Amino acid sequence: MTTEVGSVSEVKKDSSQLGTDATKEKPKEVAENQQNQSSDPEEEKGSQPPPAAESQSSLRRQKREKETSESRGISRFIPPWLKKQKSYTLVVAKDGGDKKEPTQAVVEEQVLDKEEPLPEEQRQAKGDAEEMAQKKQEIKVEVKEEKPSVSKEEKPSVSKVEMQPTELVSKEREEKVKETQEDKLEGGAAKRETKEVQTNELKAEKASQKVTKKTKTVQCKVTLLDGTEYSCDLEKHAKGQVLFDKVCEHLNLLEKDYFGLLFQESPEQKNWLDPAKEIKRQLRNLPWLFTFNVKFYPPDPSQLTEDITRYFLCLQLRQDIASGRLPCSFVTHALLGSYTLQAELGDYDPEEHGSIDLSEFQFAPTQTKELEEKVAELHKTHRGLSPAQADSQFLENAKRLSMYGVDLHHAKDSEGVDIKLGVCANGLLIYKDRLRINRFAWPKILKISYKRSNFYIKVRPAELEQFESTIGFKLPNHRAAKRLWKVCVEHHTFYRLVSPEQPPKAKFLTLGSKFRYSGRTQAQTRQASTLIDRPAPHFERTSSKRVSRSLDGAPIGVMDQSLMKDFPGAAGEISAYGPGLVSIAVVQDGDGRREVRSPTKAPHLQLIEGKKNSLRVEGDNIYVRHSNLMLEELDKAQEDILKHQASISELKRNFMESTPEPRPNEWEKRRITPLSLQTQGSSHETLNIVEEKKRAEVGKDERVITEEMNGKEISPGSGPGEIRKVEPVTQKDSTSLSSESSSSSSESEEEDVGEYRPHHRVTEGTIREEQEYEEEVEEEPRPAAKVVEREEAVPEASPVTQAGASVITVETVIQENVGAQKIPGEKSVHEGALKQDMGEEAEEEPQKVNGEVSHVDIDVLPQIICCSEPPVVKTEMVTISDASQRTEISTKEVPIVQTETKTITYESPQIDGGAGGDSGTLLTAQTITSESVSTTTTTHITKTVKGGISETRIEKRIVITGDGDIDHDQALAQAIREAREQHPDMSVTRVVVHKETELAEEGED
């Protein structure tokens, strides 16, 4: 018993140790061990196994505790009689059930087989079993409390002790397996979590990187019209519209459709930023530098709703004028400069403004002290004008300049001759040597296209033509051709259509550009402007000296050669004509100058270059090169012009419509040859006329100054020649290009890279009006051609309109002679009409009569008339009846008036060496006509080469119509003095004052 007890005590110790360990590891094991101890009573019978078995079991337990989770080799130490149970236990464990009773039963049966000879112990075991059975429920519920009861039992059964190690082994295995699995699961989960966290972090990093990439910004710098710079940061892939909107928001500008952003692609090429495309794609590798400019010049700035919009337009025009892109006459420079001072400085104050140095302001490309004095003098007369009113007056005068709103592009015709293509609100203009030689109104253009570096326009056939003609031009490169094409598409859409045209639907494998203007049209813009409802925005006007940064600084004589250098795509195209020449263009109604009322209606054939060139030389081969000409034409007083603005358009139209049949008078008959040529109006005839005139006048480098007083007409010699020249140019119809242009029409458009067929949807039927107007102009030139200098200019007016010649001068003179003496009423009417037409803004060249007329400043009294031969004969005059038919004499009637003439001639004893002999080679010839209320001035400029020496001859004829007597001597002296003042570098060779008095009616001497 002692041995048994000792072994049992050892087993208890081991079991208690195992139980403690198990309890530490997991509380559930303790409950399971206690349940095993309270098993069936049969287990106690086997509580006395052989000592060897007990020692083996204790060893097994010890080894089991020491072993790691890899306890798979433990079966080697288990006796054979336990192996089955082990496997069974494992199965049960695997099943995961807590069924330990079957295992205990197996152990008990085996023990009973071996322990049969101990009946007493069996009885004791049974008793204990009964007691244990009673406590079974309590053991399950109170696991922790059973622990002490089990340890206090006096005779625990050996079977119970032996079974504990086996169950513990299996449980430990199960636990270890579970732990291993859990560890693996936890490890896997941890790994997954780690991976997920890492993945999320990586994704977050990538996302943040992407975000930074998407939000990567580029700094943009935009130079504004007042010279300041606006900077902003834009997303790299932002479209042009984003930047444009930011700039307009910064400027507080709502009427923004007239403006755009320019970027410099090359030193000579500027492009408009397309708002519908990404900026990055358009700039490529260029810096993000832009300039804010006017893209579409409003034909009538007075229709703009807000003052701030007009202010920005003023700033743009000041830049254009100061840089030479918008040529002006001296008087126009002075007048516009005075309005600039009034807008920026306010009313003239002797104390405050007397000491201001006007040289700080830039009014013209080449500013002289004389101009500054004139500006200051005119500034005093604007007292009371608010800045907004001054800006409005500035725009009213500037809009009539011939080059207003013209975008010039370099090109060559089919013969390789350098020309310029100008795009404006009315159509496409063709210039050669700074003279406008043709005009294609939008209604006459059927299709615009480009292929590689060629640009084509398909023109609607004329009345007598059966087929359409295509005219081609060669541009410097493909990009220049595409740029010109896009500008044409945009201008046509903006000015002529009611709404933008939708781009063509993409077709499979189609060629050509799909570009279409996507912004608002002028009609839509005006409609939107009427909806603007906000207080007038406050803005500060800046000094005009900012314009000086774009100046050429070229001398007046050379100015025209490079004035356009900084103009996008038109470098050196236009020169700012000498201070006085520009005004001619102002009168041009059609092309360069837009009528306030119906900008698109005029067929205009005038020169755009026209300030100086306003003169149009007829012949295809004769073009005026005025780089060395320094003639200064003064514009008609602006006040007078403004008074007639309201009725100018009507008068012009009426004047053009009336086409009186010209009849030659006595004096004209003597000069039949030139007249006949003039009548023809063709380019060939023009050439002949020019040659004839050249023979008659060119040889001498002299200046003939004739002053005609009281309706006297001066020698027609120079006049007719001038008229003829102009007329040939007039003849060119807008439908036909100059010879070189038309010849290029043969090129085909089959594979045009870009194609655009303008839809002539005009807002109010302006197209029809324009077409009719053009047709009238075309027809008139022929009959009008017959008109002589002295004849009423009305008939000639129509040809002049196209030719832009000095015809007006003639008409005015004749008409006024008759009207002044015989029909005062008619005189005033006609005079007013002519004055309005010619001086419509002192810059506008009336298409009808004065294509080349420049306004004469009211101040300018130099009535210097160029005449090679002063006529002293009876003059037959034709009265021009206004469309209004106010005159008593019908336009078609040719009244013959008896007149008395008186001529005073002054000839300089020194005549230039080359004056007499060889006439030399005629290089250029120009005729400029300007008119004021009572004075008509015609200037003829010819440039010839004799023996390698270049000669410039200026003949100026001034006709003064009035009822009062004029001192001839004083007029002669004044003419000489003014001629010398205007051209100090030239000598006056001849001055003729011719007075013609109508005896029949007035009886004046």
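Every residue gets a Cβ built from N, Cα and C, even glycine.
Residue-level annotations in Swiss-Prot identify, among Lys140, Lys203, Lys505, Lys601, Lys140 as SUMO2 cross-link. If you compare Ser682, Ser734, Ser828, Ser930 in Swiss-Prot, the phosphoserine annotation sits on Ser828. Of Ser499, Ser798, the one with phosphoserine in Swiss-Prot is Ser499, while the others lack that note in the record, though it may still apply to them. Looking up Lys144, Lys216, Lys412, Lys835 in Swiss-Prot shows the SUMO2 cross-link annotation sitting on Lys144. In summary, of the candidate residues Ser9, Ser414, Ser550, Ser884, the record from Swiss-Prot lists phosphoserine for Ser550, whereas the others have no such entry there.
If you measure from the Cα atom of Ser386 (phosphoserine) to that of Ser170 (phosphoserine), you get 109 Å. On the 0 to 100 pLDDT scale, the region 'Spectrin--actin-binding' (611-676) averages 45 in this prediction. In this structure, the modified residues under consideration are Ser170, Ser386, and the one with the smallest number of other Cβ atoms within 10 Å of its Cβ is Ser386.
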